[in-house]
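One structure is given below, encoded as structure tokens.
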Amino acid sequence: MSMEYEHQLMAMQISPADAHGTTPGKEQQAAGVGILLQIMMLVLSFVLGHVLRRHKFYYLPEASASLLIGLIVGGLANISNTETNIRTWFNFHEEFFFLFLLPPIIFQSGFSLSPKPFFSNFGAIVTFAILGTLISSVVTGILVYLGGLIYLTYRLPFVECLMFGALISATDPVTVLSIFQELGTDMNLYALVFGESVLNDAMAISLYRTMSLVRSHASSGQNFFMVIVRFLETFVGSMSAGVGVGFTSALLFKYAGLDIDNLQNLECCLFVLFPYFSYMLAEGLGLSGIVSILFTGIVMKHYTYSNLSENSQRFVSSFFHLISSLAETFVFIYMGFDIAMEQHSWSHVGFIFFSIIFIGVARAANVFSCAYLVNLVRPAHRQIPLKHQQALWYSGLRGAMAFALALQSVHDLPEGHGQTIFTATTAIVVLTVLLIGGSTGTMLEALQVVGDGLEGTLGEGSVDVLKKLHCTQPQR
């Protein structure tokens, strides 16, 4: 705003907010209404999730119900005359998702995970995360490009097809973990799905950014060969940062004498701050905060947690379980509302339809080829069985991670290409979370991989919940 314009407003006794049609009072009221709606949707999601679990209705998991609530409320707000300043409180911001919602979910996953099944399958997990994501991205990009050449789908340049393949290859940990933890699986299968979904995000983001760099700078083809090296650098650096922060916290709590009664609040505050320190340190260094906070959670559970007082142990366990549950539920509501409110390009339905088929083919190429390579070097008793491979293929849900990258592509790609990719990604997210997510329980039971080895994968509280879900009727 220019100085002359401000002087004119002051002479007329009109504030800048009034000149734009809003006042500070109305802005505050709009903020209150927006936050109130978010709280109401969270309450509704938790109550609905409890009712669904109590009646053993597995076809609509809590994650799917939360997404559906966000879609319905967003659709109603879109067709009504909801004020713009209220709508702004529901816009999906990638920074808010990556910096505030994702860290507690990933930390709780690492904090509650037994390291034995994770590290015993670590070679397979890295194979699926690196090689598998690369295969999935390239196959999807090539199929989309060929579909455009023969006029099956909307035609995009080859690099933009690879960008779409990279972002849609991210099997979102938010989606996968919320569904698998609720249903319970074989512990080795859980470790594979969990590890791949967390680690492949770093690969997908690295691929997407590399393709974007190639497109914007018309770089030479050597960038395609550098992506694996960059990912390994990112992964090793992030893991080192996470492990380092975890062991630093363990040494601090062991030798600082914080486990006395009058320092319990300080003890809990420091424990809560260390995971966020790990995540932000990695992000600030250009590494992967997801990988860093995951290993921080694993190290802090097995080295730092035992140095806490009993009261602090109870508090931090309940606290991280609480905020991760809130964050998971809010992510799906947040995403559903924004999907309903955003502008979409539905003029290329063929692109959406064939993209769904292409990602299924790419997921199969990823899972079965990597499982074949892993089984070549594994002894017979540790090979990945076919039913686990089928479960891995079916569980490749897309969620908030792909949605956030697709929203970024709207700004990165011109001429409506980003809007087309965003619309296709939105349709794929809704389809996988609602339809495939709802049928995941039936698939797991059909493959007979439900309920084995839960104690080695989940915390005691989660095991009790899962046993009640699958084995007993609710007590009255």
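Placement of Cβ uses the backbone N, Cα and C atoms for every residue, glycine included.
Taken straight from TrEMBL:
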DOMAIN    46-445  domain 'Cation/H+ exchanger transmembrane'
TRANSMEM  30-52  transmembrane segment
TRANSMEM  58-76  transmembrane segment
TRANSMEM  96-113  transmembrane segment
TRANSMEM  125-154  transmembrane segment
TRANSMEM  229-256  transmembrane segment
TRANSMEM  276-299  transmembrane segment
TRANSMEM  319-337  transmembrane segment
TRANSMEM  349-371  transmembrane segment
TRANSMEM  391-410  transmembrane segment
TRANSMEM  416-437  transmembrane segment
Q. By Cβ distance under 8 Å, which residues at least 6 away from the ends of the transmembrane segment (391-410) in the same chain are close to it?
A. 92, 94, 97-98, 101-102, 128, 163-164, 166-168, 170-176, 179-180, 185, 189, 192-193, 196, 201, 204-205, 208, 331-332, 335, 339, 359, 363-364, 366-368, 371, 418-419, 421-422, 425-426, 428-429, 432-433, 436-437, 440, 443-444, 447, 449
Q. Given pairs 6 or more apart, does the transmembrane segment (349-371) have at least three Cβ pairs under 8 Å with the transmembrane segment (125-154)?
A. yes
Q) By Cβ distance under 8 Å, which residues at least 6 away from the ends of the transmembrane segment (229-256) in the same chain are close to it? A) 130, 199, 202-203, 206, 210, 267, 270-271, 274, 277-278, 281-282, 285-300, 303-304, 307-308
**Q.** Selected stretch (most C-beta pairs under 8 A with the transmembrane segment (276-299)) from 58-76, 96-113, 125-154, 319-337
**A.** 96-113
Q. Is the count of Cβ pairs under 8 Å between the transmembrane segment (96-113) and the transmembrane segment (416-437), pairs 6 or more apart in sequence, 3 or more?
A. no
Q | Residues of the parent chain within Cβ reach of the transmembrane segment (416-437), under 8 Å, 6 or more residues beyond its termini | A | 61, 63-64, 67-68, 71, 154, 156-157, 160, 163-164, 167-168, 175, 179, 332, 335, 339, 342-346, 348, 351-352, 355-356, 359, 394, 396-399, 402-403, 405-407, 409-410
